[in-house]
Amino acid sequence: MPGGGLMRGFSKKEKDESEMAPLRYTPLNGSGNEGSSGNGDHATAPVSAEPEMELEIDESLMNTGEDGLTTTEATARLREFGPNALEEKVVPKWKKFVAQFTGPMPCMIWTAIFIEGLIADWPNLFVLLVLQIVNGTVGFYEDSKAGDAVAALKASLKPQAQVKRDGQWKNINAAHLVPGDRVALNAGAGVPADCRVCAGPPIEIDQAALTGESLPVTFSEGDVAKMGSTVVRGEIDAIVAATGGNTFFGKTASMIQSVDEIGHFQKILIRITTFLLGVSLFLVSICLVYMLANSEPFLDALAFAVVLLVASIPIAMQVVCTTTMALGSRKLAEQKAIVARLSAIEELAGMNMLCSDKTGTLTMNKMVLQDDLPTFSPGLTRNHVLQAAALAAKWKEPAKDALDTLTLNAIDLKPLDAFTQLDYMPFDPAIKRTCSTIRAPDGSVFKVTKGAPQIVLDLCKNKAEIEDAFNAKVVDLATRGIRALAVAKASKVGSEDASSTAGDTWEMMGILTFLDPPRPDTKSTIERAGHYGIEVKMITGDQQAIAIETCRVLGMGMNIVTPEDLPTGDQAIGSRVLGQDYGEIVESADGFAQVFPDHKFIIVEILRQKGWMCGMTGDGVNDAPALKRADIGVAVQGATDAACAAADIVLTAPGLSTIVTAILYSREIFQRMKNYVIYRIACTFQLLFFFFFAVTCMHPSLYWDGFDAKYFKMPVTALVIITILNDGCIISIAYDHVKASRKPEVWDLGQVFIVAIVAGSIALASSLILLDLGLDSHNPHGWFAKLGLEPLDYLQVQAMMYLKVSLSDFLTVFAARTHGPFFSRRPGLKLTIAAIVAMVTSTLLARYWPLPDMEGISWKLCGLTWLYVIIWFIIQDVGKMIAYWCLFLTSTGFASQEREVADRKRQLQRSNRQSLTRESIRRGKKVGELVRPSTRLPSAPSDVAGAMTRIAELEAVIADLKNSLRK
């Protein structure tokens, strides 16, 4: 279209030697051939793009001035183009409702209904149909409730964008952006829409989520940054070129979202369900063959086998556990922890290692400017240094971080308006300083910079003169936990490029001193984390001495190492032996200081390879790789868009206490799911093996001639009712009252199956014994006669066994939910009410069975059945406790191994009270050389001469160490 154009997906700038180039906007001439880009320095070679990567843009919308759009223009464009949001693939409610009647379990019930129709058993057909409708409706309601909970949490994570409208910068919901908006692209922020980069210094953007490129791509004027990518370095203005479904991301979202990786929790459920399905199919097949061999009508036998399979397979396990996690996620949201991925709850419950960022998580992230401000050039005052520090920021815009906030609030900014900022280099974690090129009121041009003391000192021409005094002051501040920020000025500049130092003559002005105090609750929170089996390691980019002082105040270990001993990023990528080579170094350290972004990733990977379930907290774009690599990535309050996108959990309240609270809640959720799994396996075991033995071994006609049945079975309707009541009422386990474990949670399937089988076996034995007593009720010397009970006919025996099996199933819930006696922890109110409703319903059905396929039993027999079930429930509970006790005894060997590992680890660590001398810090000594034994010992020499040489080397090392400690 006229004035339109194509956004090319992967064009290549001639000046860029990399194969990874930014997306470029290239207008078309009238003939449709590519012409000049309009930017002479950034002309592009013609590159053909695939049709799905071509995005049309109306060039007439891109003529936005420096003041941005007006509110009126933005409102009109929002109505025209719609919100800047991708259309989600929403399944209609009616389709979800229909799906409740077309799954595996509903299809089996439909099969049973069809068979009942073929044999003209209309009462059973009607009951099955009603139960099918009730089951589908309840399932739809629970599924909708869980989905709504997750949708509400996702809605709370709406991305923000910094946009300039009516000449004012403001933060708005990114969904309200329109084509032509002027937005700010800052390091750490996500690109909110397809945006054409304006004039200014190049920025680097991570496009990995869209293109798979592993390294950031440099974007310059005229390049189009894609929605969904992340700015990793620099800051610049850009004009929104396309929004919502018209963006590159919008047109490829279906491909990106098609990847659905099966999580750890889903794998566990699949393993459990597959195992039980295999056992069920095997035993049900034997029952079917046996019934057919004994002249049972094919359709009757098939109907019974199908419904028995439905009753025994835990098809609802996925639904119940997912609903439990969804409801738990709402509870976590109330505790200021928003779950971006439901399965992260299970992983959070098993976390035993937390790598925590220092600033903002352990500390207040609220710097306090100190009165102490040393200067290193004659004639300078405190105000001179503060003014230079303010000029090294964008003083006309809102502060980007806490340090800029303090600097800009420390002086009156009005006098600074007389200065003009010609160029600005924002803070970069790799460069560790900011820089501005300034034109003074008299027309002279100079540069000012502020940043890490050692970095700024290396720029200064007077370094040799002030180095000793400078380092002494920095060390003195560091030992008191006070952060230093150096400020320097270049009166003579080689160029106006703020990122270049060539030709500049720098002179140190002074040191700003800040204090970021620990949060009041951090120390107690760390102690609480240790109480629950979570080890906390501090990872910070701050100086080592500051990190040590912070650890001392918080009561953490003071073995803080620097990352020189760790591999580089290139060495670590794809390595499978990081844990083997560097595991002891990382495990024995209490924290790491002076780290760069790739170090965080490497530390997390080493811990994961050593078997730790590792969590990582972060807030910046530099934390995103480590957050993504960690088992549980936690974006703290105020985190950048990049960190939030990479994290599994996003905190909306400050501090470490929120994380620990979330861990405890996740362990409670895990306990509920684990209790349900044990209960469901026990019920499946009892039900399946009961009918297997009842069909193949219990022959009613052999007990009494009046029984016509060759084997015992239960009506299809009764089996379906048991299944529906079980799965319908047990959803209330999501509200059960549980207690968080003192240790991180793991899926020990061996323990789960053993406990479930023990509980199921006791219930199975009690069912078979009661069936034997019921079938033997006509024996004048039997137990029924001794208790004065009337003999039962076959239909009454079926009703009694229906009541017994139902009650045993429901009571098994209360046995499965505790390790100790069932009364050691009160159940949740909703669970109790659900169980009472289910058991009362089963009792009423056993007393007043409405269909002709069973006959109701007396109230007396109902009461005795209740008493019988309760007695066996107590036996079942004792058996469960014995099983746990035996498992504990058999695991003592493993426990002793764990203690041995813990002892070895403590030997590697040094006393928290060991101090470092100022001289060692000034010389840049790594703390690992002083407080940590080497883990890479050379091999033993094979000859005497070699041994003597090695001994001499060791003696020299010991002597050097003694000398260092004496200084």
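Glycine is no exception: its Cβ is also placed from the backbone N, Cα and C atoms.
TrEMBL annotations: computationally assigned, not manually curated.
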TrEMBL annotation of transmembrane segment - which of the ranges 96-115, 716-735 it falls on: 716-735
Averaged pLDDT score, the domain 'Cation-transporting P-type ATPase N-terminal' (51-121): 76
Tertiary contacts of the transmembrane segment (828-851) (same chain, 6+ residues out, Cβ under 8 Å): 123-124, 127, 715, 717, 721-722, 725-726, 728-733, 735-737, 799-800, 802-803, 806-807, 810-811, 813-814, 857-859, 862, 865-866
Stretch in 268-292, 716-735, 795-816 most in contact with the transmembrane segment (677-696), if contact is a CB pair under 8 A: 268-292
Distant-in-sequence neighbours of the transmembrane segment (747-775), which means Cβ under 8 A and at least six residues beyond its ends: 268, 271-272, 674, 677-679, 681-686, 689-690, 693-694, 698, 700, 703-704, 707, 712, 782-784, 792, 796-797, 800-801, 804-805, 808-809, 812, 815-816, 865, 868-869, 872, 875-876, 879-880, 882-884, 887
